[in-house]
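Here's the structure, in structure tokens; my notes come after.
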């Protein structure tokens with residue numbers, strides 16, 4: 001009886017799996033797809049073993065007796081009287097020969113039933129298993145499915161917009177110099193609706209009061225941080241301007257020397273996605289004026305400039321498509337270029353990741369700061385804000401017109417804010433801070449890093465002398481002198497190994513700046529209609545403490561990946577991992593970075609604006625941005641601007657006619673022929689025309705997946721459930737047939 005008890009115990013333990021082998025409480029990590037597949041497979045095995053025991057161990061009696069599920073003749077396996085005390089078979093010569101026919105012959109209908117059920121069930125299960133394995137095989141080695149919005153969004157499947165197949169699109173737009181408090185119902189109505197989560201466009205929206213940039217809060221360091229996930233001290237672009245002593249070369253905007261850009265072991269997002277999916281999905285990235293994306297590494301490899309201890313630079317380090325910087329480009333042309341990428345007519349040529357850079361607000365801010373309503377340049381400033389807002393609105397409308405929003409995610413960010421500087425009142429002159437002889441004897445290079453000064457010395461042994469001379473020459477309430485390696489810990493800027501770092505830095509408080517005499521003269525000659533009788537005027541700058549109010553940046557995510565709600569402020573080093581996640585890049589294929597996972601954790605539980613508690617200097621924010629700033633309304637408790645308060649400033653009247661034309665333009669009018677590195681037909685087909693695009697992905701299926709179709713994960717789960725039900729139904733049917741026959 002011991003063996004029978006053991007088998008019954010096992011049967012009881014597995015019993016629950018028979019009803020629902022895929023129940024949710026069996027999966028403990030709902031965000032780990034690899035664990036999910038493993039758990040699903042484990043459930044399937046348990047379910048199969050459970051039912052196989054039932055198939056092979058139904059109650060049997062010898063000879064012509066009938067089986068009974070609760071009768072006294074219920075037996076399992078070898079008859080117990082054939083075993084000795086140790087469980088070993090005994091001599092069967094004394095046993096009736098008819099009894100030995102148990103389960104071995106076909107003279108009884110009952111054994112035939114058992115054998116048929118076992119073989120047929122096993123066959124069906126084997127077919128199902130092969131199907132499951134083929135379907136479950138991901139496009140890439142390890143899949144990531146951690147979307148937080150629509151359960152129908154899957155980065156690995158193809159969608160259909162009604163005319164063409166698409167892989168999911170991810171578009172990143174960076175608004176240089178755009179502070180989140182610039183958003184208002186009056187000046188940026190579209191961004192206002194996004195920021196308040198009230199945009200009625202059928203897309204989920206996630207936002208945050210502000211995103212924290214990296215120090216120094218300058219354009220090139222922060223744009224490289226956004227796409228690498230690394231602090232500037234780690235990725236090596238430590239400022240907009242610096243000296244590279246190894247190359248004996250100065251870096252500044254416009255320098256495209258690959259030896260500087262590839263100096264550290266960094267990997268921008270376009271390299272990550274193009275490498276991770278190489279050979280599986282024809283994943284391509286396109287960048288439009290993104291800082292650092294137009295570096296040509298071909299010459300670097302051909303001339304063997306790469307150090308011997310490093311491998312040649314991968315071709316994926318350059319985006320498949322990239323556009324060089326053009327400061328004079330109108331926003332209508334920028335929109336046209338982005339839509340050209342979207343409108344490419346085949347999967348093989350269309351990029352799945354597009355990054356665009358919008359410099360307009362930053363360019364204005366450097367000239368005049370952020371003018372308040374009573375200041376001279378306010379109307380010009382609001383016009384600039386309105387143009388940027390309209391650009392974003394028409395970009396989203398272009399996606400909607402093309403029926404792309406159910407599988408397109410848009411990420412809107414900025415790199416930093418802006419601080420107003422009253423000139424010359426709040427400026428100190430570099431030449432007045434250090435004796436001319438000391439500058440000549442000790443200083444090799446002195447660069448203006450925005451409002452800061454970075455000083456490289458000829459001999460590190462002179463650091464203390466120069467440091468103390470500077471400290472005695474400045475107002476330490478407004479300016480702080482730092483020796484490299486002694487920056488505040490929260491800046492994440494201490495690393496003695498980075499050779500791009502200057503020896504000594506002078507960092508002002510927001511609203512103050514260090515300038516050279518020559519620079520001050522140049523600035524004073526600019527167009528400053530706000531200059532008073534004392535020749536005092538306002539400019540703007542950035543580069544300060546990244547936690548300063550003036551330096552805050554924007555983050556808004558919209559699309560099927562995102563949930564609806566707010567998240568707490570976070571560091572911009574999280575954006576790289578966010579983009580990897582949206583695109584479906586597994587963690588093992590991501591480059592090492594400084595992201596903490598904080599953003600991903602928050603996306604799991606978005607909050608309301610009331611739940612995101614913000615303690616802030618709202619008096620200062622009102623004085624700088626006005627009480628009707630959307631930020632002040634949401635988190636400062638200030639009243640909404642009423643129609644009476646609001647001067648009619650409808651941005652539709654300010655729309656660029658060309659931009660309107662492009663947004664409404666059918667994609668058939670946007671065709672492009674580009675030089676490709678692979679054999680791809682030219683884009684002469686129009687997106688809305690009659691075409692028969694072929695599938696070129698590594699998935700064997702050419703079936704068009706509609707934009708509202710279930711994801712691969714949901715589809716597979718349905719197949720598993722259906723197969724399980726099918727097997728159960730077949731077995732029950734066989735039971736009924738055999739029972740009726742007997």
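From the backbone N, Cα and C atoms, a Cβ is placed for every residue, glycine too.
As given in Swiss-Prot:
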- 161: N-linked glycosylation site (CARBOHYD)
- 204: N-linked glycosylation site (CARBOHYD)
- 219: active site, nucleophile (ACT_SITE)
- 264: N-linked glycosylation site (CARBOHYD)
- 296: N-linked glycosylation site (CARBOHYD)
- 403: N-linked glycosylation site (CARBOHYD)
- 640-659: compositional bias 'Acidic residues' (COMPBIAS)
- 691-711: compositional bias 'Low complexity' (COMPBIAS)
Close in space, distant in sequence - residue 204 (N-linked glycosylation site), Cβ under 8 Å, 6 or more apart: 149, 150, 558, 559, 560, 562, 563, 564
Those recorded positions of 219, 296, 403 having Cα within 10 angstroms of residue 161 (N-linked glycosylation site): 403
Integer Cα-Cα distance in angstrom, residue 403 (N-linked glycosylation site) to residue 296 (N-linked glycosylation site): 35
Lowest local Cβ density (other Cβ within 10 Å) among recorded positions: 161, 219, 296, 403: 296
DSSP state at the residue listed as 'active site, nucleophile', helix/strand/coil: helix
Cα-to-Cα gap, residue 296 (N-linked glycosylation site) vs residue 219 (active site, nucleophile), nearest whole Å: 20
